[in-house]
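Annotated features in Swiss-Prot:
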| type | residues | note |
| --- | --- | --- |
| ACT_SITE | Cys186 | active site, thioimidate intermediate |
| BINDING | 108-131, 216-239 | NADP(+) binding site |
| BINDING | Gly181, Gly183 | K(+) binding site |
Amino acid sequence: MRIEQELKLGFKDVLFRPKRSTLKSRSQVNLTRDFTFKHSGRQWSGVPVIAANMDSVGSFAMAKALAEHGVMTAVHKHYTVEDWAEFANTADKATLNNVMVSTGTSEADFQKTKDIMAISDEFIFICIDIANGYSEHLVEYVQRVRAAFPDKVISAGNVVTGDMCEELILAGADIVKVGIGPGSVCTTRVKTGVGYPQLSAIIECGDAAHGLGGMIIGDGGCSCAGDVAKAFGGGADFVMLGGMLAGHEESGGEVIEQDGKQFMKFYGMSSKSAMDKHSGGVAGYRAAEGKTVLLPFRGSVHGTIQDILGGVRSTCTYVGAAKLKELTKRTTFIRVQEQENNVFGKE
């Protein structure tokens, strides 16, 4: 047993230090990034925010809506191959280029991924997603998928430390997904005692990945636009959002009416709700590691994504970053014990 003494930080522990800026307006800030990925050699241009691959977030409808903003969607893995074929026939090229095909690591998952990727050459992203990215099986699976799809962009995770980040990149991942337990409907840290404060995980994994020419996705922990900006400032190349994009008409969640008001069900992908729906219940050897909540129905996602991107643009103006790419270079975090003034409630 050993104890690491260094304090690790989450988004709530810091604020940006403002800096002198020549920018006159948020409209001058360019949030588009141009990436060339390490293994596939693929190029991609867009706003590096990703809707999470959760049942009630990463839907085909969400993908079509967010593509209008240049934003990506990691489509959840529970659509059938036939569903994907129909989607490919109804979506434009920009939408297809901005979706990630999510998969687990079983033999059935591998075959399904091959079937989906064969539908359209416009599918360029594969998201290999398991809860515990420290499994040797994941490394082997990444190698297998890389061999099968040498020209596709592969994301793999989730991990929170630089050593495993490096191992996944060396195995063939272009992007590593970073985050264990920070999500709004995740209870892994409570059920297992395992986790890592998300900002420190992003800083450390970003440093490791960038040293090898890889990239990272900061997955989870964002509750407001300021947190998204902090993730980018800490070195995330992409930021994945679940709860912030849940509850919208495009989210694909179950709508429930109570007392004349509409709510949408939102749950973690290791929750009892998810396992009841997809796995025939919680297996006898495991515990559910997610919550199920009812969110007030929020209407269209377009207003929400504009608000998030507007907040990030505003961050850039405060620190003098004309491009999102410059934000991490312009970032100085100050440690704090307060965030917003809650006299009139939380924003």
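Here the Cβ of each residue, glycine as well, is placed from N, Cα and C on the backbone.
Feature map: Swiss-Prot annotations on the structure.
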residue: Lys114; record: NADP(+) binding site; Cβ contacts under 8 Å, 6 or more apart: Ala148
residue: Ser120; record: NADP(+) binding site; Cβ contacts under 8 Å, 6 or more apart: Ala88, Leu96
residue: Ile126; record: NADP(+) binding site; Cβ contacts under 8 Å, 6 or more apart: Met100, Val101, Thr103, Thr113, Met117, Val145, Phe149, Lys152, Val153, Ile154, Ser155
residue: Gly181; record: K(+) binding site; Cβ contacts under 8 Å, 6 or more apart: Thr188, Arg189, Val194, Gly195, Tyr196, Gly220
residue: Ile216; record: NADP(+) binding site; Cβ contacts under 8 Å, 6 or more apart: Cys165, Ile175, Val176, Lys177, Val178, Ile202, Cys205, Gly206, Ala209, Gly235, Ala236, Asp237, Phe238
residue: Cys222; record: NADP(+) binding site; Cβ contacts under 8 Å, 6 or more apart: Phe11, Val228, Ala231, Val239, Leu241, Met244
residue: Gly234; record: NADP(+) binding site; Cβ contacts under 8 Å, 6 or more apart: Leu199, Ile202, Ile203, Gly206, Gly218, Thr328, Thr331, Phe333
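If you measure from the Cα atom of Cys186 (active site, thioimidate intermediate) to that of Ala108 (NADP(+) binding site), you get 26 Å.
For the pair Ala108 (NADP(+) binding site) and Gly183 (K(+) binding site), the Cα-Cα distance reads 27 Å. Sparsest Cβ environment among the recorded positions Ala108, Cys186 (other Cβ atoms counted within 10 Å): Ala108.
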